[in-house]
Amino acid sequence: MAKRRSWFGWMKRLFICEAKARAEKKPRRLRWVFKRLKLRPQLATCGQETRTLNEATQDQRKHAMNVAIATAAAAEAAVAAAKAAAEVVRMAGNAFTSQHFVKKLAPNVAAIKIQSAFRASLARKALRALKALVRLQAIVRGRAVRRKVSALLKSSHSNKASTSNIIQRQTERKHWSNTKSEIKEELQVSNHSLCNSKVKCNGWDSSALTKEDIKAIWLRKQEGVIKRDRMLKYSRSQRERRSPHMLVESLYAKDMGMRSCRLEHWGESKSAKSINSFLIPSEMLVPTKVKLRSLQRQDSGDGQDSPFSFPRRSFSRLEQSILEDESWFQRSNGFQPYMSVTESAREKMRSLSTPRQRVGIMDSLFDNYKKDGDKVSLWSTFVCENSKINNAKKSSLTTYQHNC
């Protein structure tokens, strides 16, 4: 059976238990503090140990790497030494073999040099022979050409005419070349003068001309140069067409020994004045435009009253232009201003004239010229015949007017 406990016992127990509990709690706290203090140095020691281990592993790795690098360098050095030794051995062997090869090729090289020198000498000889052959061919061909030319000159019947033709062509070429050069010089001078005039117009100029007047003068000069060039081209074409006839006429005139140039020019001027007084207005040979207009008015006035049938004006204009071109051509070229008659000129005048005009003018003129020869000049016979015809026409016109 259990013993009964009093309240006093219970109180003791409580107090005693609390005291025990407090006594027990104090060492537990102390233990916990001591444990913490113990754990801290343990943790520090663990960290130090881990650090030392890592450093040791790193040192080991570095050492291993250094050892590997050293071994690799040693291996490379060994390989390089082996290669160098192999090259030395090879060079030594090549030197030995090259010495043997040079000793073997020395006579071959000497033979090649001898062959090249011999071939060069042969090539030089061949070139000299070819040059000599070319010279011989040139000499032979030149002699053959000279023989042909001499044979042609001997066989030609008109040797003098051919030489005169050649001389005339050369002189004409020189003349035309001079004219072209002169035209170029004139153009250059005109351009230079225009530039100078422009410069002067910008500044002070003592002349009374204005800028417009200077430009107008320059334009007129250029137009004159262009017209001159055209006329020269036209005369050249006409001369090329009529050159054989003119050359024959000039040679014939030289052989016949006609009068001087001044007398012929004076005779031409006199005959032209006399022709203008009695020829038909459609066949007038007047070079000026004023006389042509007056004659055309007379033609239009007389055509209604006169009984004669005049030809068309187209023929007169064509004939007049041709004769003007011929007169200008004779003046522009280096020929003498005389008029020599040929069959071609006679046929031309007949083709251009009408049947009524063919009867008494040109045929009688040419016949008289053939009969007289050197004694009577062409212009004198022409003037005499034309004066007779003019008198006859005037008398017929007066009789017709009286009858009307």
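Any Cβ shown, glycine's included, is placed from N, Cα and C.
Looking at 8-25, 98-115, 134-151, 278-295, the stretch flagged in Swiss-Prot as region 'Calmodulin-binding' turns out to be 8-25. Range annotated as motif 'Nuclear localization signal 2' by Swiss-Prot, chosen from 226-233, 242-249, 258-265: 226-233. Among residues of the same chain six or more beyond the domain 'IQ 2' (136-158), none has a C-beta under 8 A of the stretch's C-beta atoms. Model confidence over the region 'Calmodulin-binding' (8-25) stands at 58, taken as the mean pLDDT rounded to a whole number.
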